Amino acid sequence: RVGFVGAGRMAGGLARGLLRAGKVPASSILASAPSDKNLDAWRESGCRTTHCNLEVLQESTLVFLATKPHILPAVLQEIRPAVGPHHIVVSLAAGVTLQTLQRLLPAGTKVLRLMPNLPCVVQAGAMVFARGSGAGDGEAALLKSLLSSCGLCEEVPESYINIHTGLSGSGVAYVYLFAEALAEGAVKMGMPGGLASRIAAQTLLGAAKMMLETGEHPAKLRGDVCTPGGTTIHALHQLEKGALRATVMNAVEAATNRACDVAED
C-alpha cells in the first residue's frame, strides 16, 4: 500500500503517473490533506482519502511526504510515533535534507529524499533520489523500480538534488518558454498558432528522444543539423548573439541557488 501525506500538485502528478502505468491500483493509494480542496481529484481517480496523517502511516508501508517544506517539521513530529521499521519514508519536500529528516524521525528509519518534476503525470518525468543511512539497496531498488514507470529515475548523491531542481524541476518551465518562442516565431512568419504549437512540441520531443536514444552529446547532434551556409547556422548565429546558452546556464544556476536558500531558511 502507498500513502501520500500531503495531496498537492507534485504528489498528485506522481500518483497519476503510477496509476497510468498500472503500477499501483487506485484502491491501494491513500492520501491525506487537512481540507477537501486537494482531495477531490484523488477521489475522482478512485484513490482513498483522509484528513488524518496518522491513518496514512497505519495503512501504508511506502509513505511519500509531500507537504510544503515549512510545514514538514510539524508533520514529522505528528507522525513520528506511528513510524516503524516496516515503513519506507520518501520525502518530496524541497530543501529538507536527509539529516533533518533522520533527526526528526525515529532512529534507523528507512528514509529517502526524492525530487520529481511535472511530466511525471504523463510518464515522462525526470526524477533523482538519495537514500538516508537507514535505507539499503532493497529500498533504493524498490523506489527506482516503482518510479521508473513515471520516467527517468536515478539515484544520486544528495548534493545533486538542488542542482536537479534547477536543471529539471524548474527546467520544464524554461522548455515551455522556448517552445512558446518557437511557435510565436512561426506565427510571425504566417503559420496558424495551433499548428505552430504542435510542431514546436513535436520538435522538442524528437530532439530529446534523439539525445536519449543515441547517447550523443547535444553539440554533436546540433552539428549534424547544420550545413555550410544553410538555414540552421544562420539561425544559430542569432541565438548566439542573444547569448542563449549563457542565459540558460544562468537560469539553472539561479534556480539551484534558490533551492539551496530554501534549505537554509
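Each residue, glycine too, has its Cβ placed from N, Cα and C.
Feature annotations, reproduced from TrEMBL:
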BINDING   ASN53  NADPH binding site
BINDING   ALA66, THR67, LYS68, PRO69  NADP(+) binding site
DOMAIN    1-95  domain 'Pyrroline-5-carboxylate reductase catalytic N-terminal'
DOMAIN    158-259  domain 'Pyrroline-5-carboxylate reductase dimerisation'
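When averaged over the domain 'Pyrroline-5-carboxylate reductase dimerisation' (158-259), pLDDT in the model lands at 97. Listed in chain order, the extra residues whose Cβ falls within 8 Å of the Cβ center of the NADP(+) site residues ALA66, THR67, LYS68, PRO69 are GLY6, GLY8, LEU65, HIS70, ILE71, LEU72, VAL75, LEU92, ALA93. Among the binding-site residues ASN53, THR67, the residue whose Cβ has the fewest other Cβ atoms within 10 Å is ASN53. Non-local contacts of PRO69 (NADP(+) binding site) by the CB criterion (under 8 A, 6+ apart in sequence, same chain) comprise ALA93, ALA94, GLY95, VAL96, VAL262. Across the fold, the C-alpha of ALA66 (NADP(+) binding site) and the C-alpha of ASN53 (NADPH binding site) stand 11 Å from each other. Between the CA atoms of the residue listed as 'NADPH binding site' and LYS68 (NADP(+) binding site) there is a gap of 14 Å.
When other Cβ atoms within 10 Å of the Cβ of ALA66 (NADP(+) binding site) are tallied across all protein chains shown, the result is 28.
Secondary structure of the domain 'Pyrroline-5-carboxylate reductase dimerisation' (158-259) per DSSP (helix as H, G, I; strand as E, B; remaining residues coil): 87 helix, 0 strand, 15 coil. Helix first, then strand, then coil: DSSP counts for the domain 'Pyrroline-5-carboxylate reductase catalytic N-terminal' (1-95) stand at 40 helix, 19 strand, 36 coil. Within 10 Å of the C-beta atom of LYS68 (NADP(+) binding site) sit 11 other C-beta atoms, taking all shown protein chains into account.
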